[in-house]
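Feature annotations, reproduced from TrEMBL:
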type	residues	note
TRANSMEM	47-66	transmembrane segment
TRANSMEM	86-107	transmembrane segment
TRANSMEM	148-171	transmembrane segment
TRANSMEM	191-219	transmembrane segment
TRANSMEM	239-258	transmembrane segment
TRANSMEM	270-290	transmembrane segment
TRANSMEM	326-343	transmembrane segment
TRANSMEM	355-373	transmembrane segment
TRANSMEM	422-452	transmembrane segment
TRANSMEM	464-483	transmembrane segment
TRANSMEM	489-513	transmembrane segment
Amino acid sequence: MFANMHRGMTLSSALLVLAFVAVTVINPELSSAVFSAARNWIEDTFAGYYLVTVVLLIAVCFFIVLSPFGSKRLGKDHERPEFSRFAWFAMLFSAGIGIGILFFGVAEPIFYFDNSGAFGYPNNPHADLAGHAAMNQQRAVDALRVTFFHWGLHGWAVYVVVGMALAYFAYRKDLPLALRSALYPFIGNRIYGPIGHLVDILGVLGCVFGVATSLGLGVSQMAVGLQRLTGIGAGLDTQLILIAAITVISILSAVSGVKRGIRIISELNIWVSVLVIGAFVVGGPTLWLLTTFGETMRDYVVEFIPMGLWYPEDQSNTNWLQAWTIFYWGWWLAWAPFIGLFIARISKGRTLREFVLGVLLVPTFIIFVWLAIFGGTALHQELTAAGGTGTAGIIELVNAWNLPAALFATSDGVAGTGSLGWVLSAMMVFLLMSWFVTSADSSTLVLTTILSLGNPEPPQRFRIFWGLVIGLVAAALLVAGGLTALQTALIAAALPLSVVILVMTAGVLVSLFQEGWRKSSSSIVQSEGKQAERR
(Lines of atoms letter the chains of each structure in order from A; the text may use other names.)
(Lines give C-alpha, C1' and ligand atoms only; values in the text may rest on other atoms or scores of the structure.)
Protein backbone atom coordinates (compact mmCIF):
# COMPACT_ATOMS: atom_id res chain seq x y z
CA MET A 1 0.00 0.00 0.00
CA PHE A 2 2.80 2.44 0.88
CA ALA A 3 5.12 1.44 -1.97
CA ASN A 4 7.38 4.38 -2.96
CA MET A 5 6.05 6.43 -0.02
CA HIS A 6 7.39 6.87 3.51
CA ARG A 7 4.91 4.96 5.67
CA GLY A 8 5.67 6.73 8.97
CA MET A 9 5.50 10.27 7.61
CA THR A 10 2.39 9.54 5.55
CA LEU A 11 0.48 8.11 8.51
CA SER A 12 1.72 10.80 10.90
CA SER A 13 0.76 13.59 8.51
CA ALA A 14 -2.71 12.14 7.90
CA LEU A 15 -3.35 11.69 11.63
CA LEU A 16 -2.15 15.20 12.47
CA VAL A 17 -4.36 16.69 9.77
CA LEU A 18 -7.31 14.72 11.14
CA ALA A 19 -6.55 15.85 14.71
CA PHE A 20 -6.24 19.55 13.82
CA VAL A 21 -9.42 19.49 11.77
CA ALA A 22 -11.34 17.59 14.47
CA VAL A 23 -10.32 20.05 17.19
CA THR A 24 -11.23 23.02 15.01
CA VAL A 25 -14.57 21.57 13.87
CA ILE A 26 -15.65 20.46 17.36
CA ASN A 27 -15.08 23.88 18.92
CA PRO A 28 -14.28 26.55 16.31
CA GLU A 29 -14.76 29.41 18.79
CA LEU A 30 -12.22 28.03 21.26
CA SER A 31 -9.81 27.14 18.47
CA SER A 32 -10.07 30.64 17.05
CA ALA A 33 -9.43 32.17 20.47
CA VAL A 34 -6.37 29.98 21.12
CA PHE A 35 -4.86 30.46 17.66
CA SER A 36 -5.56 34.20 17.74
CA ALA A 37 -3.85 34.52 21.12
CA ALA A 38 -0.82 32.67 19.75
CA ARG A 39 -0.72 34.84 16.65
CA ASN A 40 -1.09 38.08 18.63
CA TRP A 41 1.72 37.06 20.99
CA ILE A 42 3.97 36.23 18.05
CA GLU A 43 3.21 39.53 16.31
CA ASP A 44 3.80 41.50 19.52
CA THR A 45 7.03 39.69 20.39
CA PHE A 46 8.63 38.87 17.04
CA ALA A 47 7.58 41.70 14.71
CA GLY A 48 11.14 43.01 14.52
CA TYR A 49 12.46 39.49 13.95
CA TYR A 50 10.08 39.02 11.00
CA LEU A 51 11.18 42.31 9.45
CA VAL A 52 14.88 41.50 9.77
CA THR A 53 14.38 37.94 8.49
CA VAL A 54 12.70 39.06 5.28
CA VAL A 55 15.27 41.81 4.66
CA LEU A 56 18.05 39.27 5.22
CA LEU A 57 16.54 36.93 2.62
CA ILE A 58 16.44 39.78 0.09
CA ALA A 59 20.11 40.46 0.79
CA VAL A 60 20.90 36.80 0.10
CA CYS A 61 19.14 37.06 -3.27
CA PHE A 62 21.18 40.12 -4.25
CA PHE A 63 24.38 38.41 -3.11
CA ILE A 64 23.72 35.33 -5.26
CA VAL A 65 23.01 37.44 -8.34
CA LEU A 66 26.14 39.58 -7.94
CA SER A 67 28.54 36.83 -6.83
CA PRO A 68 30.37 34.21 -8.93
CA PHE A 69 28.01 31.62 -7.42
CA GLY A 70 25.33 32.91 -9.77
CA SER A 71 26.84 30.97 -12.67
CA LYS A 72 26.37 27.60 -10.96
CA ARG A 73 23.51 25.43 -12.20
CA LEU A 74 20.66 23.87 -10.31
CA GLY A 75 21.83 20.51 -11.56
CA LYS A 76 24.94 19.16 -13.21
CA ASP A 77 26.95 21.58 -15.32
CA HIS A 78 25.73 20.01 -18.58
CA GLU A 79 22.02 19.98 -17.68
CA ARG A 80 19.61 22.48 -19.21
CA PRO A 81 16.09 23.65 -18.24
CA GLU A 82 13.17 21.26 -18.57
CA PHE A 83 10.60 23.95 -19.45
CA SER A 84 10.54 26.96 -21.75
CA ARG A 85 10.82 30.36 -20.11
CA PHE A 86 7.19 31.17 -20.87
CA ALA A 87 5.94 27.93 -19.32
CA TRP A 88 8.26 28.47 -16.34
CA PHE A 89 7.06 32.03 -15.76
CA ALA A 90 3.42 30.97 -16.15
CA MET A 91 3.75 28.23 -13.51
CA LEU A 92 5.66 30.55 -11.16
CA PHE A 93 2.94 33.17 -11.30
CA SER A 94 -0.06 30.83 -11.17
CA ALA A 95 1.19 28.74 -8.25
CA GLY A 96 2.66 31.65 -6.31
CA ILE A 97 -0.23 34.11 -6.36
CA GLY A 98 -3.67 32.73 -7.11
CA ILE A 99 -6.94 34.24 -6.02
CA GLY A 100 -5.61 36.88 -3.63
CA ILE A 101 -4.34 39.19 -6.35
CA LEU A 102 -7.82 39.52 -7.88
CA PHE A 103 -9.61 40.73 -4.77
CA PHE A 104 -6.80 42.53 -3.00
CA GLY A 105 -5.66 44.10 -6.26
CA VAL A 106 -8.68 46.39 -5.84
CA ALA A 107 -9.32 46.23 -2.10
CA GLU A 108 -5.89 46.90 -0.60
CA PRO A 109 -5.05 50.13 -2.47
CA ILE A 110 -8.58 51.40 -1.80
CA PHE A 111 -8.29 50.58 1.90
CA TYR A 112 -4.98 52.46 2.27
CA PHE A 113 -6.36 55.33 0.18
CA ASP A 114 -9.43 55.79 2.35
CA ASN A 115 -8.26 54.87 5.86
CA SER A 116 -5.81 57.49 7.03
CA GLY A 117 -4.55 55.38 9.93
CA ALA A 118 -3.66 52.54 7.60
CA PHE A 119 -2.51 54.76 4.77
CA GLY A 120 -0.31 56.97 6.97
CA TYR A 121 2.91 55.02 6.74
CA PRO A 122 5.36 57.09 8.83
CA ASN A 123 8.18 56.88 6.26
CA ASN A 124 5.73 58.18 3.67
CA PRO A 125 6.53 61.86 3.04
CA HIS A 126 2.90 62.42 2.05
CA ALA A 127 1.46 60.66 5.10
CA ASP A 128 -1.97 61.82 6.17
CA LEU A 129 -1.88 60.77 9.81
CA ALA A 130 -4.53 63.32 10.78
CA GLY A 131 -6.78 62.44 7.84
CA HIS A 132 -6.85 66.00 6.46
CA ALA A 133 -4.96 65.72 3.16
CA ALA A 134 -6.95 65.80 -0.04
CA MET A 135 -7.72 62.54 -1.79
CA ASN A 136 -5.54 63.31 -4.81
CA GLN A 137 -3.27 61.41 -7.19
CA GLN A 138 -0.31 61.50 -4.79
CA ARG A 139 -2.42 59.84 -2.14
CA ALA A 140 -3.34 57.17 -4.71
CA VAL A 141 0.36 56.68 -5.51
CA ASP A 142 1.13 56.26 -1.81
CA ALA A 143 -1.63 53.66 -1.45
CA LEU A 144 -0.31 51.70 -4.43
CA ARG A 145 3.28 51.91 -3.16
CA VAL A 146 2.44 50.28 0.16
CA THR A 147 0.47 47.61 -1.73
CA PHE A 148 3.53 47.00 -3.95
CA PHE A 149 5.58 46.63 -0.77
CA HIS A 150 3.40 43.82 0.57
CA TRP A 151 3.15 41.95 -2.74
CA GLY A 152 6.60 42.62 -4.16
CA LEU A 153 10.26 41.75 -3.82
CA HIS A 154 10.23 41.19 -0.06
CA GLY A 155 7.71 38.37 -0.22
CA TRP A 156 9.09 36.74 -3.35
CA ALA A 157 12.58 36.73 -1.84
CA VAL A 158 11.27 34.23 0.73
CA TYR A 159 10.12 31.90 -2.05
CA VAL A 160 13.38 32.40 -3.95
CA VAL A 161 15.66 31.36 -1.11
CA VAL A 162 13.61 28.29 -0.16
CA GLY A 163 13.26 27.18 -3.78
CA MET A 164 16.94 27.77 -4.48
CA ALA A 165 18.06 25.76 -1.46
CA LEU A 166 15.80 22.81 -2.29
CA ALA A 167 16.70 22.77 -5.99
CA TYR A 168 20.43 23.12 -5.27
CA PHE A 169 20.60 20.16 -2.91
CA ALA A 170 18.26 18.00 -5.00
CA TYR A 171 19.72 18.56 -8.45
CA ARG A 172 23.34 19.45 -7.76
CA LYS A 173 24.00 17.33 -4.66
CA ASP A 174 21.66 14.40 -5.52
CA LEU A 175 19.71 14.64 -2.27
CA PRO A 176 15.92 14.12 -2.03
CA LEU A 177 13.69 16.93 -3.29
CA ALA A 178 12.42 17.57 0.23
CA LEU A 179 12.80 20.21 2.94
CA ARG A 180 15.13 18.01 4.96
CA SER A 181 17.85 18.13 2.32
CA ALA A 182 18.71 21.77 3.03
CA LEU A 183 19.82 20.70 6.53
CA TYR A 184 22.47 18.32 5.15
CA PRO A 185 25.47 20.67 5.64
CA PHE A 186 24.75 20.72 9.37
CA ILE A 187 23.49 17.24 10.28
CA GLY A 188 24.66 15.08 7.38
CA ASN A 189 22.90 11.74 6.98
CA ARG A 190 20.78 12.44 10.05
CA ILE A 191 18.41 14.22 7.66
CA TYR A 192 17.01 10.72 7.07
CA GLY A 193 16.13 10.41 10.76
CA PRO A 194 13.60 12.04 13.12
CA ILE A 195 14.80 15.61 12.52
CA GLY A 196 14.31 15.29 8.78
CA HIS A 197 10.91 13.63 9.26
CA LEU A 198 9.77 16.47 11.56
CA VAL A 199 10.80 19.20 9.12
CA ASP A 200 9.07 17.48 6.20
CA ILE A 201 5.89 16.86 8.19
CA LEU A 202 5.77 20.58 9.07
CA GLY A 203 5.97 21.29 5.36
CA VAL A 204 3.16 18.83 4.59
CA LEU A 205 0.87 20.33 7.26
CA GLY A 206 1.54 23.86 6.04
CA CYS A 207 0.79 22.77 2.49
CA VAL A 208 -2.51 21.04 3.35
CA PHE A 209 -3.82 23.73 5.68
CA GLY A 210 -2.64 26.64 3.55
CA VAL A 211 -4.40 25.48 0.40
CA ALA A 212 -7.46 24.12 2.24
CA THR A 213 -8.09 27.36 4.13
CA SER A 214 -7.59 29.45 0.99
CA LEU A 215 -9.96 27.18 -0.93
CA GLY A 216 -12.59 27.30 1.79
CA LEU A 217 -12.38 31.07 2.20
CA GLY A 218 -12.25 31.68 -1.54
CA VAL A 219 -15.27 29.66 -2.65
CA SER A 220 -17.59 32.16 -0.99
CA GLN A 221 -16.10 34.81 -3.23
CA MET A 222 -16.35 32.55 -6.28
CA ALA A 223 -19.98 31.85 -5.43
CA VAL A 224 -20.70 35.59 -5.47
CA GLY A 225 -19.15 35.77 -8.93
CA LEU A 226 -21.28 32.89 -10.19
CA GLN A 227 -24.38 34.47 -8.69
CA ARG A 228 -23.60 37.65 -10.57
CA LEU A 229 -23.26 35.75 -13.86
CA THR A 230 -26.03 33.17 -13.57
CA GLY A 231 -28.33 34.16 -10.74
CA ILE A 232 -27.52 30.94 -8.86
CA GLY A 233 -27.58 31.39 -5.09
CA ALA A 234 -24.25 31.91 -3.34
CA GLY A 235 -25.14 29.80 -0.29
CA LEU A 236 -23.39 26.88 1.36
CA ASP A 237 -24.64 24.32 -1.18
CA THR A 238 -23.11 26.24 -4.07
CA GLN A 239 -19.85 26.67 -2.19
CA LEU A 240 -19.59 22.93 -1.45
CA ILE A 241 -20.27 22.11 -5.11
CA LEU A 242 -17.49 24.51 -6.09
CA ILE A 243 -15.08 22.82 -3.66
CA ALA A 244 -15.98 19.43 -5.14
CA ALA A 245 -15.52 20.64 -8.72
CA ILE A 246 -12.17 22.32 -8.02
CA THR A 247 -10.97 19.25 -6.11
CA VAL A 248 -11.79 16.90 -9.01
CA ILE A 249 -10.17 19.14 -11.63
CA SER A 250 -7.05 19.69 -9.51
CA ILE A 251 -6.68 15.94 -8.91
CA LEU A 252 -6.93 15.26 -12.64
CA SER A 253 -4.33 17.96 -13.26
CA ALA A 254 -1.99 16.65 -10.54
CA VAL A 255 -2.29 13.07 -11.81
CA SER A 256 -1.39 14.19 -15.34
CA GLY A 257 1.83 15.75 -14.00
CA VAL A 258 3.69 19.03 -14.35
CA LYS A 259 4.36 18.81 -18.09
CA ARG A 260 0.71 18.36 -19.00
CA GLY A 261 -2.02 19.45 -16.58
CA ILE A 262 -0.24 22.00 -14.39
CA ARG A 263 1.68 23.60 -17.27
CA ILE A 264 -1.34 23.82 -19.57
CA ILE A 265 -3.64 25.37 -16.96
CA SER A 266 -0.91 27.81 -15.88
CA GLU A 267 -0.34 28.98 -19.45
CA LEU A 268 -4.09 29.35 -19.95
CA ASN A 269 -4.22 31.48 -16.80
CA ILE A 270 -1.63 33.83 -18.26
CA TRP A 271 -3.49 34.31 -21.55
CA VAL A 272 -6.83 34.96 -19.83
CA SER A 273 -5.07 37.36 -17.44
CA VAL A 274 -3.66 39.23 -20.45
CA LEU A 275 -7.17 39.58 -21.89
CA VAL A 276 -8.55 40.88 -18.58
CA ILE A 277 -5.68 43.35 -18.16
CA GLY A 278 -6.12 44.47 -21.77
CA ALA A 279 -9.81 45.13 -21.18
CA PHE A 280 -9.03 47.29 -18.13
CA VAL A 281 -6.32 49.21 -20.00
CA VAL A 282 -8.47 49.86 -23.08
CA GLY A 283 -11.64 50.64 -21.15
CA GLY A 284 -9.97 52.48 -18.30
CA PRO A 285 -7.98 55.71 -17.87
CA THR A 286 -4.94 54.49 -19.81
CA LEU A 287 -2.75 57.59 -19.61
CA TRP A 288 -3.54 58.13 -15.91
CA LEU A 289 -2.69 54.49 -15.17
CA LEU A 290 0.66 54.75 -16.97
CA THR A 291 1.54 57.96 -15.14
CA THR A 292 0.51 56.57 -11.77
CA PHE A 293 2.40 53.32 -12.37
CA GLY A 294 5.59 55.24 -13.16
CA GLU A 295 5.27 57.45 -10.09
CA THR A 296 4.53 54.46 -7.86
CA MET A 297 7.57 52.55 -9.15
CA ARG A 298 9.77 55.58 -8.51
CA ASP A 299 8.50 55.95 -4.95
CA TYR A 300 8.77 52.19 -4.37
CA VAL A 301 12.45 52.22 -5.33
CA VAL A 302 13.20 55.32 -3.23
CA GLU A 303 11.39 53.95 -0.17
CA PHE A 304 12.45 50.31 -0.66
CA ILE A 305 14.93 50.14 2.23
CA PRO A 306 13.03 52.41 4.69
CA MET A 307 9.80 50.46 4.18
CA GLY A 308 11.49 47.12 4.81
CA LEU A 309 13.21 48.24 8.02
CA TRP A 310 10.61 50.61 9.49
CA TYR A 311 9.49 49.82 13.05
CA PRO A 312 7.14 52.35 14.69
CA GLU A 313 7.28 53.87 18.13
CA ASP A 314 3.63 54.94 18.22
CA GLN A 315 1.25 52.16 19.32
CA SER A 316 -1.39 52.92 16.68
CA ASN A 317 1.20 52.50 13.95
CA THR A 318 2.49 49.36 15.67
CA ASN A 319 -1.01 47.93 15.42
CA TRP A 320 -1.06 48.78 11.73
CA LEU A 321 2.32 47.13 11.18
CA GLN A 322 1.16 43.94 12.88
CA ALA A 323 -2.20 43.84 11.11
CA TRP A 324 -0.71 44.31 7.66
CA THR A 325 3.05 43.95 7.17
CA ILE A 326 3.69 41.28 9.81
CA PHE A 327 0.57 39.41 8.71
CA TYR A 328 1.86 39.41 5.13
CA TRP A 329 5.38 38.33 6.12
CA GLY A 330 3.87 35.51 8.19
CA TRP A 331 1.75 34.44 5.23
CA TRP A 332 4.72 34.45 2.82
CA LEU A 333 6.84 32.49 5.32
CA ALA A 334 4.06 29.97 6.00
CA TRP A 335 3.56 29.28 2.28
CA ALA A 336 7.29 29.20 1.45
CA PRO A 337 7.87 25.44 1.92
CA PHE A 338 5.01 24.61 -0.46
CA ILE A 339 5.70 27.25 -3.11
CA GLY A 340 9.48 26.91 -2.75
CA LEU A 341 9.42 23.18 -3.36
CA PHE A 342 7.15 23.56 -6.38
CA ILE A 343 9.44 26.26 -7.80
CA ALA A 344 12.39 23.93 -7.24
CA ARG A 345 10.54 21.12 -9.03
CA ILE A 346 10.16 23.17 -12.22
CA SER A 347 13.58 24.90 -12.19
CA LYS A 348 16.09 22.12 -12.80
CA GLY A 349 18.92 23.13 -15.13
CA ARG A 350 18.76 26.89 -14.63
CA THR A 351 21.68 28.86 -13.26
CA LEU A 352 21.36 30.34 -9.80
CA ARG A 353 21.45 33.84 -11.29
CA GLU A 354 18.72 33.06 -13.81
CA PHE A 355 16.67 31.38 -11.09
CA VAL A 356 16.90 34.28 -8.65
CA LEU A 357 16.26 36.98 -11.24
CA GLY A 358 13.44 35.01 -12.86
CA VAL A 359 11.58 34.11 -9.67
CA LEU A 360 12.22 37.46 -7.99
CA LEU A 361 11.61 39.92 -10.82
CA VAL A 362 9.18 38.44 -13.36
CA PRO A 363 6.26 37.55 -11.03
CA THR A 364 6.85 40.77 -9.09
CA PHE A 365 6.66 42.89 -12.23
CA ILE A 366 3.49 41.12 -13.40
CA ILE A 367 1.95 41.67 -9.97
CA PHE A 368 2.89 45.36 -10.00
CA VAL A 369 1.29 45.80 -13.42
CA TRP A 370 -1.82 43.98 -12.20
CA LEU A 371 -2.05 46.06 -9.01
CA ALA A 372 -1.49 49.30 -10.87
CA ILE A 373 -4.20 48.50 -13.42
CA PHE A 374 -6.84 47.01 -11.10
CA GLY A 375 -6.10 49.12 -8.04
CA GLY A 376 -5.34 52.18 -10.14
CA THR A 377 -8.64 51.87 -12.01
CA ALA A 378 -10.57 51.67 -8.73
CA LEU A 379 -8.65 54.64 -7.32
CA HIS A 380 -9.31 56.69 -10.45
CA GLN A 381 -13.02 55.90 -10.29
CA GLU A 382 -13.12 57.16 -6.70
CA LEU A 383 -11.07 60.26 -7.52
CA THR A 384 -13.30 61.26 -10.43
CA ALA A 385 -16.73 60.19 -9.14
CA ALA A 386 -19.26 63.01 -9.59
CA GLY A 387 -16.52 65.33 -10.77
CA GLY A 388 -14.37 64.56 -7.77
CA THR A 389 -17.03 65.39 -5.22
CA GLY A 390 -18.81 62.04 -4.94
CA THR A 391 -17.99 58.37 -4.51
CA ALA A 392 -17.98 55.42 -6.88
CA GLY A 393 -19.13 53.15 -4.04
CA ILE A 394 -15.97 51.04 -4.05
CA ILE A 395 -14.66 52.50 -0.80
CA GLU A 396 -17.87 51.58 1.02
CA LEU A 397 -17.73 48.01 -0.31
CA VAL A 398 -14.10 47.56 0.74
CA ASN A 399 -14.70 48.96 4.23
CA ALA A 400 -17.63 46.53 4.54
CA TRP A 401 -15.14 43.81 3.52
CA ASN A 402 -17.30 42.87 0.52
CA LEU A 403 -14.29 42.26 -1.70
CA PRO A 404 -16.05 40.43 -4.58
CA ALA A 405 -18.57 43.26 -4.93
CA ALA A 406 -15.74 45.83 -4.93
CA LEU A 407 -13.96 43.91 -7.70
CA PHE A 408 -17.06 43.66 -9.88
CA ALA A 409 -18.04 47.28 -9.20
CA THR A 410 -14.64 48.28 -10.58
CA SER A 411 -15.11 46.12 -13.67
CA ASP A 412 -18.57 47.67 -14.20
CA GLY A 413 -16.88 51.05 -14.31
CA VAL A 414 -14.66 49.75 -17.11
CA ALA A 415 -17.00 47.66 -19.29
CA GLY A 416 -20.46 48.60 -18.04
CA THR A 417 -23.19 46.22 -16.95
CA GLY A 418 -24.15 44.99 -20.42
CA SER A 419 -22.84 42.07 -22.45
CA LEU A 420 -19.24 43.32 -22.44
CA GLY A 421 -19.38 43.64 -18.67
CA TRP A 422 -20.75 40.10 -18.41
CA VAL A 423 -17.88 38.73 -20.53
CA LEU A 424 -15.28 40.56 -18.42
CA SER A 425 -16.87 39.29 -15.21
CA ALA A 426 -16.95 35.75 -16.64
CA MET A 427 -13.22 35.88 -17.38
CA MET A 428 -12.50 37.03 -13.84
CA VAL A 429 -14.62 34.24 -12.37
CA PHE A 430 -12.74 31.78 -14.59
CA LEU A 431 -9.44 33.12 -13.22
CA LEU A 432 -10.70 32.70 -9.66
CA MET A 433 -11.36 29.03 -10.30
CA SER A 434 -8.34 28.25 -12.45
CA TRP A 435 -5.92 29.89 -10.02
CA PHE A 436 -7.36 27.78 -7.27
CA VAL A 437 -6.90 24.68 -9.41
CA THR A 438 -3.22 25.51 -10.00
CA SER A 439 -2.65 26.06 -6.27
CA ALA A 440 -4.43 22.82 -5.36
CA ASP A 441 -2.77 20.61 -7.98
CA SER A 442 0.66 22.09 -7.23
CA SER A 443 0.20 21.47 -3.50
CA THR A 444 -0.89 17.87 -4.13
CA LEU A 445 2.25 17.25 -6.17
CA VAL A 446 4.46 18.98 -3.59
CA LEU A 447 3.24 17.16 -0.49
CA THR A 448 3.32 13.74 -2.20
CA THR A 449 6.85 14.54 -3.38
CA ILE A 450 7.83 15.25 0.23
CA LEU A 451 6.16 12.08 1.53
CA SER A 452 7.90 9.98 -1.14
CA LEU A 453 11.30 11.35 0.00
CA GLY A 454 11.82 13.53 -3.04
CA ASN A 455 10.36 11.45 -5.86
CA PRO A 456 9.45 14.07 -8.54
CA GLU A 457 6.76 11.73 -9.90
CA PRO A 458 5.06 10.30 -6.76
CA PRO A 459 2.50 7.48 -7.07
CA GLN A 460 -0.78 8.61 -8.61
CA ARG A 461 -2.96 6.95 -5.96
CA PHE A 462 -1.38 9.17 -3.32
CA ARG A 463 -1.87 12.28 -5.43
CA ILE A 464 -5.56 11.36 -5.59
CA PHE A 465 -5.69 10.66 -1.84
CA TRP A 466 -4.10 13.94 -0.77
CA GLY A 467 -6.09 15.91 -3.32
CA LEU A 468 -9.24 14.52 -1.72
CA VAL A 469 -7.88 15.32 1.75
CA ILE A 470 -7.40 18.99 0.84
CA GLY A 471 -10.93 19.21 -0.57
CA LEU A 472 -12.50 17.44 2.40
CA VAL A 473 -10.61 19.59 4.91
CA ALA A 474 -11.81 22.74 3.14
CA ALA A 475 -15.41 21.48 3.06
CA ALA A 476 -15.43 20.36 6.70
CA LEU A 477 -14.02 23.65 7.97
CA LEU A 478 -16.39 25.64 5.76
CA VAL A 479 -19.42 23.84 7.18
CA ALA A 480 -18.20 24.09 10.78
CA GLY A 481 -17.04 27.69 10.53
CA GLY A 482 -13.44 26.92 11.43
CA LEU A 483 -11.62 28.33 8.40
CA THR A 484 -10.59 31.62 9.98
CA ALA A 485 -9.26 29.80 13.05
CA LEU A 486 -7.07 27.53 10.96
CA GLN A 487 -5.87 30.42 8.83
CA THR A 488 -4.79 32.16 12.02
CA ALA A 489 -2.98 29.00 13.13
CA LEU A 490 -1.15 28.90 9.80
CA ILE A 491 0.13 32.45 10.32
CA ALA A 492 1.29 31.51 13.82
CA ALA A 493 3.11 28.49 12.36
CA ALA A 494 5.26 30.89 10.33
CA LEU A 495 7.46 31.43 13.40
CA PRO A 496 8.96 27.92 13.60
CA LEU A 497 8.98 27.71 9.79
CA SER A 498 11.01 30.92 9.65
CA VAL A 499 13.70 29.28 11.77
CA VAL A 500 13.79 26.33 9.37
CA ILE A 501 14.05 28.75 6.43
CA LEU A 502 16.98 30.59 8.01
CA VAL A 503 18.76 27.28 8.61
CA MET A 504 18.09 26.32 4.97
CA THR A 505 19.53 29.65 3.86
CA ALA A 506 22.67 29.12 5.91
CA GLY A 507 22.93 25.57 4.58
CA VAL A 508 22.92 26.52 0.91
CA LEU A 509 25.42 29.35 1.50
CA VAL A 510 27.77 27.05 3.41
CA SER A 511 27.55 24.45 0.66
CA LEU A 512 28.19 27.02 -2.07
CA PHE A 513 31.27 28.34 -0.28
CA GLN A 514 32.54 24.80 0.31
CA GLU A 515 32.05 23.93 -3.34
CA GLY A 516 33.83 27.10 -4.42
CA TRP A 517 36.67 26.52 -1.95
CA ARG A 518 37.20 22.93 -3.13
CA LYS A 519 37.35 24.05 -6.76
CA SER A 520 39.79 26.82 -5.87
CA SER A 521 41.97 24.37 -3.94
CA SER A 522 41.83 21.91 -6.84
CA SER A 523 42.88 24.63 -9.28
CA ILE A 524 45.84 25.58 -7.06
CA VAL A 525 46.98 21.95 -6.84
CA GLN A 526 46.69 21.51 -10.61
CA SER A 527 48.61 24.75 -11.22
CA GLU A 528 51.41 23.71 -8.85
CA GLY A 529 51.56 20.31 -10.53
CA LYS A 530 51.97 21.85 -13.97
CA GLN A 531 54.71 24.17 -12.70
CA ALA A 532 56.52 21.17 -11.20
CA GLU A 533 56.33 19.35 -14.53
CA ARG A 534 57.86 22.34 -16.31
CA ARG A 535 60.71 22.40 -13.82
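Placed from the backbone N, Cα and C atoms, the Cβ positions cover glycine too.
At the 8 Å Cβ threshold, with sequence separation of at least 6, the transmembrane segment (489-513) comes into contact with the transmembrane segment (326-343) through 3 or more pairs. Contact check: the transmembrane segment (326-343) against the transmembrane segment (47-66) gives at least three Cβ pairs closer than 8 Å, residues 6 or more apart, which meets the contact criterion. Note on the transmembrane segment (270-290): residues 86, 89-90, 93-94, 137, 369-370, 372-374, 376-377, 380, 411, 414-415, 424, 427-428, 430-431, 434 of its chain, located 6 or more positions outside it, place their CB under 8 angstroms from a CB of the stretch. Through the fold, the transmembrane segment (464-483) approaches residues 14, 17, 21, 24-25, 28, 31-32, 208-209, 211-213, 215-217, 219, 236, 239-240, 243-244, 246-247, 250-251, 254-255, 440-441, 443-444, 447-448 of its own chain, all at least 6 residues removed from its boundaries and within a Cβ separation under 8 Å. Counting residues 6+ beyond its ends, the transmembrane segment (191-219) has Cβ neighbours under 8 Å at 6, 8-9, 12-13, 16-17, 20, 98-100, 175, 178-181, 183-184, 239, 242-243, 246, 334-335, 337-338, 341, 432, 436, 439-440, 443, 446-447, 450-451, 466, 469-471, 473-475, 477-478, 483-484, 486-487, 489-490, 493, 496-497, 500 in the same chain.
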